[in-house]
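Participant: Heads up, here are the entries from TrEMBL:
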TRANSMEM  49-74  transmembrane segment
TRANSMEM  80-101  transmembrane segment
REGION    111-134  region 'Disordered'
Amino acid sequence: MNHVASDRDPSTAELVSRLSEQVSRLARDEIRLAVAEVKDKGKHVGVGAGLLGGAGVLAWFGVMALIAGAILALALVMPAWGAALVVAGVVFAVAGVLALIGRRQIDRGTPPIPEQAAESVKRDISQVKARAHR
């Protein structure tokens, strides 16, 4: 059976050209997806690091307040040392909350690998291989 190309059938050169265009477009789209995913994860790491830094500063202030409270307690100035201990407790509580939130943010952003983009590329390769074997 001879198959004669009709006016509707694209030539081999046209098919190769279309394939090249589609592969190029697919590669660009996959790169855009990977860049967007890495940016998103980077933002989470940045926010988490900032929150952990803030927690460290507040913890330092808490240590200073505890020291001030201990000094005032030894001096037996009741209202001042009581206030210093209350402030220290509040500062440590806030630092703990910030540390937990910061840690969660870092966990959400690591590892900075574009997992969705990688899965998408794997699916694309599988589809291309499957269609090539037909």
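Yeah, the Cβs are placed from backbone N, Cα and C, and that goes for glycine too.
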Participant: Where else in the chain does the transmembrane segment (49-74) make close Cβ contacts, counting only residues six or more beyond its ends and a cut-off under 8 Å?
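Facilitator: Cβ under 8 Å, 6 or more out: 80-81, 84-85, 87-88, 91-92, 94-96, 98-99, 101-103, 105-106.
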Participant: Apart from its near flanks, which chain residues at least 6 from the ends of the transmembrane segment (80-101) lie with a Cβ under 8 angstroms of it?
Facilitator: 48, 51-52, 54-56, 58-59, 61-62, 65-66, 68-73
Participant: Quick one: DSSP breakdown of the region 'Disordered' (111-134) into helix, strand and coil?
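Facilitator: Its residues divide into 18 helix, 0 strand, 6 coil.
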